[in-house]
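Asker: First, the structure itself, so that you have it in front of you.
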Amino acid sequence: MATYIQRVQCISALLSVVLTTLVSCQIPRDRLSNIGVIVDEGKSLKIAGSHESRYIVLSLVPGIDLENGCGTAQVIQYKSLLNRLLIPLRDALDLQEALITVTNDTMTGADVPQSRFFGAVIGTIALGVATSAQITAGIALAEAREAKRDIALIKESMTKTHKSIELLQNAVGEQILALKTLQDFVNDEIKPAISELGCETAALRLGIKLTQHYSELLTAFGSNFGTIGEKSLTLQALSSLYSANITEIMTTIRTGQSNIYDVIYTEQIKGTVIDVDLERYMVTLSVKIPILSEVPGVLIHKASSISYNIDGEEWYVTVPSHILSRASFLGGANIADCVESRLTYICPRDPAQLIPDSQQKCILGDTTRCPVTKVVDNIIPKFAFVNGGVVANCIASTCTCGTGRRPISQDRSKGVVFLTHDNCGLIGVNGIELYANRKGHDATWGVQNLTVGPAIAIRPVDISLNLAAATDFLQDSRAELEKARKILSEVGRWYNSGATLITIIVVMIVVLVVIIVIVIVLYRLRRSMLMSNPAGRISRDTYTLEPKIRHMYTNGGFDAMTEKR
């Protein structure tokens, strides 16, 4: 059975590695670095959904049953010191409870208003009676009251026992740790010293130990004693929580070793003071330990961008600050509510965000879809660390190499230049000198002719990309419109031109003038002929517009008849 479980664990680990490798292969980091986009290797994602609860009951004053009152004066002075620390904390807790408790206006038979606790606070959220801070505090206080009976029993038992540490469980299985860190010292050191060294010497040793304990108490729990809100527990406090052995966390919390490292590294184990007992000098803390769940096959990459040159102009690619990639998804990541450890991002919910399609294709290596903006000032970064070396825009910057400050001349066909320990040990960019890592290496992707997407203004990514897409559409439409106009201009060019129309108009005017002149000439000619023959006789040989009518059967018969008459 054990062998089978080990095999299953090995297969699961192998699948996790394969998924992580596939996800990391989605983003061509070397290719993007050639246009100034720097993407790191990425970290895994863990969701902190639920938490485990623990309670710590600190007994700050040891139980002393010494003969002749040895050490009583030192204990009184120590209690006075504790009062100055604990009284403000107790008053703040009383104020918190007074603010959270909501008075019910419903009167009882004795006309005395009843007091309701946590449920009334939750019920009045919509009415704005309780603030969110009060609700949060109310939840913690309600949980404390649920465990109050168990904690009270532990307090009672602590006053009757001489054990320094007791680990119990309440009714719901939550652990309650009772700490009496001074009790072992009293039992093992002070009591034997009374018979050997005398009462005065033993009292002095007790006073020194009480002072030392107060200092250690402030070191371990000082941040928690300074407020009634949640504060991260220190490693010293965690050690006391797990019986002075922090490795026991692995066995008492239902989580893995990597998760424990993450919550400790990010200080996500929170402690809240929920009770102060000035009679017994006991302080109760509620401890919440988050339970992490890793999302398989997901990486969150940190992305940044520097300027690069293309065709003699300086440009800048707009990318989201964080990229989330999984096998079937590539988008942005909102890590505002997340915390970052060395190996992972811990988030309260899935931080995935949608990004435009053009930006997805850009991140996947299609540089023609990358949204860019033209650089007009020096605010845009000019260099960044990548693969242990430096990637820099040495056309827009002054770059030097080596201890001799040799100037670097960047090929104008390349967007950026890669500088490593092998080709340039001491790197200088605009007067800033940097030493490259000896393990750094050059980018493996060959430089090609770079083409980029539309130019946009630097503003929220989604708006800019939509504007850029609209600009592309308008430009394409304008080009098609010009083609259509050109085609139309080729159709019927000889009569659609302006010169042709003018020529036609001139010809028509000339023809009209000629006709008018001919009519005038004919009219004047006829008039002159009539004036030259006043009797109305017109010679036969003279040309006239009147028709000469002759009979078709006789030759001159009509004229003869006319002469007889």
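Every residue gets a Cβ built from N, Cα and C, even glycine.
For reference, Swiss-Prot lists these features for the protein:
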COILED    142-170  coiled coil
COILED    466-491  coiled coil
DISULFID  CYS338-CYS347  disulfide bond
DISULFID  CYS362-CYS370  disulfide bond
DISULFID  CYS394-CYS399  disulfide bond
DISULFID  CYS401-CYS424  disulfide bond
REGION    117-141  region 'Fusion peptide'
REGION    269-307  region 'Leucine-zipper'
SIGNAL    1-25  signal peptide
TOPO_DOM  26-500  topological domain 'Extracellular'
TOPO_DOM  522-565  topological domain 'Cytoplasmic'
Asker: For the region 'Leucine-zipper' (269-307), find every same-chain residue at least 6 residues outside the stretch whose CB is under 8 Å from a CB in it, and list them.
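Answerer: Same-chain residues near the region 'Leucine-zipper' (269-307) but 6 or more away: 15-16, 19-20, 22-24, 27, 36-61, 79, 82-83, 86-87, 89-90, 93, 140-141, 143-144, 148, 151, 155, 158-159, 221, 224-225, 227-233, 237-238, 241, 253-255, 259, 262-263, 314-327, 333, 335, 344-346, 350-351, 363, 375, 380-384, 391-393, 396, 416.
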Asker: What counts of helix, strand and coil residues does DSSP assign across the region 'Leucine-zipper' (269-307)?
Answerer: 0 helix, 32 strand, 7 coil
Asker: If one measures from the C-alpha of CYS338 (disulfide bond) to the C-alpha of CYS370 (disulfide bond), what distance in angstrom results, rounded to a whole number?
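Answerer: Cα-Cα distance, CYS338 (disulfide bond) to CYS370 (disulfide bond): 28 Å.
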Asker: I'm checking region-level scores; what's the whole-number mean pLDDT for the coiled coil (466-491)?
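Answerer: It averages 63.
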Asker: Whole-number Å distance between the CA of CYS362 (disulfide bond) and the CA of CYS394 (disulfide bond)?
Answerer: 24
Asker: I'd like to confirm something. Which of the disulfide-bonded residues, CYS347, CYS394, CYS399, CYS401, CYS424, has a Cα closest to the Cα of CYS370 (disulfide bond)?
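Answerer: Checked the disulfide-bonded residues CYS347, CYS394, CYS399, CYS401, CYS424; minimum Cα distance to CYS370 (disulfide bond) goes to CYS394.
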Asker: Which one is it: of the disulfide-bonded residues CYS347, CYS394, CYS399, whose Cα lies the shortest distance from the Cα of CYS424 (disulfide bond)?
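Answerer: Of the disulfide-bonded residues CYS347, CYS394, CYS399, CYS399 has its Cα closest to that of CYS424 (disulfide bond).
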Asker: Output, ordered by sequence, the same-chain residues six or more apart from CYS399 (disulfide bond) with a CB under 8 Å from its CB, or 'none'.
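Answerer: For CYS399 (disulfide bond), the qualifying residues are ALA392, PRO407, ILE408, GLN410, VAL417, LEU419, ILE427, GLY428, VAL429.
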Asker: A 10 Å Cβ contact count, applied to the disulfide-bonded residues CYS347, CYS370: which residue has the minimum?
Answerer: CYS347
Asker: Would you count the other CB atoms within 10 A of the CB of CYS401 (disulfide bond), including those on all shown protein chains?
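Answerer: So the number of other Cβ atoms within 10 Å of CYS401 (disulfide bond) is 17.
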Asker: Where among the disulfide-bonded residues CYS362, CYS394 do you find the Cβ with the fewest other Cβ atoms within 10 Å?
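Answerer: Least crowded of the disulfide-bonded residues CYS362, CYS394, by Cβ count within 10 Å, is CYS394.
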